Amino acid sequence: MAVLEGLEFGKSDFVLLDEVNIEQFMENLKLRFEKARIYTFIGEGVVSVNPYKQMDIYGKEEINAYRGRELYENPPHLYAVADAAYKAMKRRAKDTCIVVSGESGAGKTEASKYIMQYIAAITNPSQRAEVESVKNVLLKSNCVLEAFGNAKTNRNDNSSRFGKYMDINFNFNGDPTGGHINNYLLEKTSNNDRYSHNAVLSALNVIGFSEEEIHSIYRILGTILILGNLQFETDRESVLVVGMGDVSHIAELTSTEPDNVTKSLLYRTVATGGGEVIEKGHSEKEACFGRDAFTKALYERLFGWIVGRINAVIEVKDYNPVLHGKNTVIGVLDIYGFEIFDNNSFEQFCINYCNEKLQQLFIQLILCQEQDEYRREGIIWQHIDYFNNQIIVDLVEQPHKGIISVLDEACLSVGKVTDTVCLESMDVKLGQHPHYTSRKLTPSDKTMEFHRDFRIRHYAGDVTYSVEGFLDKNKDPLFQDFKRLMFNSSNPVMKEMWPDGQLSITEVTKRPLTAATLFKNSIVALVEKLSCKEPYYVRCIKPNDIKSPALFDDARCQHQVAYLGLLENVRVRRAGFACRQAYTRFLQRYKMTCENTWPNHLMGTDREAVEAIVTQHGFQDDVAYGHTMLFVRTPKSLFTLEQERAALVPVLVLFLQKVWRGALARMRCRRMRAIFAIMGCYKRYKVKVHFWEVERRFASVCSMADYGKSVEWPTPPAALTQFHSITQKWRARQIVKNIPPSDMGEIRAKVAALGALNGERKDWGCGRSWERDYLANVSHSHSTAISNFILFSQELRNKDEYNQVIFSGFCRKMNRFNKSSDRALLITDKHIYKLDPKKQFKVLKRLPLEVITGLSVTAGVDQMVALHTSSQDDVLLYIQRGELCPDQDRIGELVGTLIDHFTRSVATVRGCRSVTTSWSNQLEQGLRLGLC
């Protein structure tokens, strides 16, 4: 900070003053104010002086400068305290709170807004939509609550007329997940007109108010304005409303009946002791009192409903600590400051009591508990005196003796009890108290009026209160008739605001708690909330009463410094320690920075291990050792440890990631090995089962006539697909080797026909024996023709010197004129002969076998065949089935024998279907299909 702020700006931390006295404190505070340095540290707290002007120190650059930095690294700022509270919450998973205190006009509301804006800016870096929605609602709620809860006073243009404590909930990542708002004592006065209508309307829409709800808000505000102008007049013995048009307008706005509105304004329903219900007419004064009470209650119920509606939107929903981690909280308290007006009434009494309680909390946590902790831990310490305002708190809230008890007793008394009687009762019970007085107790003090004023010596100064109106404001002044009127409204939003109106007059028997008691209970609960959190303080100071950005009123500011206890705070911080942690917690966080304590120490106690860490880093002169805790004097020592820890954390994370990834890899490896072992066993089992099934099915094929042709092969497992194909081939070879050599020619021809026809011809004679030479076969022709053909074939063999007959048979020759004649077909290994069987098998045509380029057959059952030649002199024949075997199909035989011949001699038949597979493969295929 010394680098960023020169000495011309004074000391940026009051702890650094040369001497701790009020003169130097005020001199430093004034110098910094005049140099536009409105913030000054007191340890981890900050003193803020209202500049009464806009300052360019809250932009994005400033936010980035303070994000994640330690307090002493940057000049004093609200952002430094907000970041410190956020880091403490995130690092130690500890709830924190930021208490913004000071008198009215000191800048508390603006300070709270800047704190909220900073927290919103540094969270949710990943821009998750649901988190951004929560942040927007939290920020916009300020606008709405200020519009309805702040007012212009003679000391402040934007004075908070209510107290606000907001809890912001964070998940384990440090992102806001929701929140909750508590409001305290809405003072029932004039509405604030500072904020524009459009800004408030936009905020209501962002928060999630429906159109119906917004419309209902305006209807209630309109009702309040009309009620404020409503007048009454007395006509003889009755009271009337002046201008019944206003009543009709009120009824329209509140969705009630005009008669019921009139009745509520002019009459009061009372239940007698006997259970009888009667209507008692108001006097003009009572009617005005009821009107004012109704107006104030409408606004109070509206404000409470708005707060509840916002809470319903921002509350944390579906939170499960097991799934979502620990839910931590940062609380921000923005509450009305200490007030001294020309006329101080019941509201100022409650506000100043609240400030006394907060001051007591500050004294308890900062001044009292800290010194007590030093004594308990055995730290050498010189006690610092301070004023303990517990005596003032007891004056207000002590049971049976305090001012609140006297007020409640007066409100509960039977008969006519006035404010003056109540003041007399306080004079009797509190006359000896050193911080209480009245004009009756001090007759010479003419600043107070007899039978009206009393004075309390607050920690912030003497305040004179007027007792007039105390009793009426303390008890519930609203008649039950108004509650029932609003509960019976047809508007669901208004009906929701008045649930107590559902009780009839005979059911309302229990007297409600007084306003002072309710306020006391809420403040006690607030103090309990704050006391269980780690506090960070923003102490706001008002430099002058005329809102001047250049005037520093020394006496005015010194008075605030005194009652805020800032000088005592400096003395405690200067003589004390900035941080303290239990040995176990300190060791757990910083043990990785010392080789003697990482990963676990072998020393006798945790204190010895902590001493080893401190000694290694050279902080011996900046710490003190208590019985159970280590006390660190300056934040710099702790920041040095944090820096070293932050540098080591990524290394440790990488090491842990490496170890974990290795563990995961080994686990996956063991799992994969187990998987492969199981797969191997299963595959072997499937193979065995397959072989067992094959063995079972083919056990007796040797004794079967078809050698197992009819046996169906079992489906193999995937691992045996290739082996299954090889096995089938082996099985085919086993069968083939048992076939007699005389049958092999026919087998080859049938396989060739199978491949050539390719299933396009349904019946092609594969199931019978192929004779080939049918002209020479006795079983297929007459004996005379056979003997003639045998003689002819012998002569032809001698003449053409062919070796074998490939095919022969009777046929009919077809010409282009569709005429046919009986002929005989003879195919040898050298020629194709067309013979005339009627002329002793005379050769009509001889074609060399080499000129045949192909043949064509049909897919039907006919015996038509076309022989194609290279000279394009094709021969169209109809193969006769035979006289003795009329059902024989000889087309397949003709095709198969020709292809078999060409396959073995020429290897391919030009123009015919290409036979590319080997003969063994064709044979195997034929065997599988049952051709054998």
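Heads up, the Cβ atoms here are built off N, Cα and C, so glycines get one too.
Caution: TrEMBL annotation is automatic and unverified by curators.
Per TrEMBL, the features are:
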BINDING   Gly102, Glu103, Ser104, Gly105, Ala106, Gly107, Lys108, Thr109  ATP binding site
DOMAIN    9-646  domain 'Myosin motor'
DOMAIN    759-932  domain 'TH1'
REGION    523-545  region 'Actin-binding'
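Cβ-based neighbour count (10 Å, all protein chains) for Thr109 (ATP binding site) stands at 25.
A simple way to gauge crowding: the CB of Lys108 (ATP binding site) has 28 other CB atoms within 10 angstroms, across all the protein chains here. Helix, strand and coil counts under DSSP for the region 'Actin-binding' (523-545) come to 9 helix, 8 strand, 6 coil. Within the same chain, residues at least 6 positions away in sequence whose Cβ sits under 8 Å from that of Ala106 (ATP binding site) are Ser48, Asn50, Gly337, Cys540, Ile541, Lys542, Gln560.
Counting only same-chain residues at least 6 apart in sequence, those with a Cβ under 8 Å from the Cβ of Gly107 (ATP binding site) are Ser48, Val49, Asn50, Cys540, Lys542.
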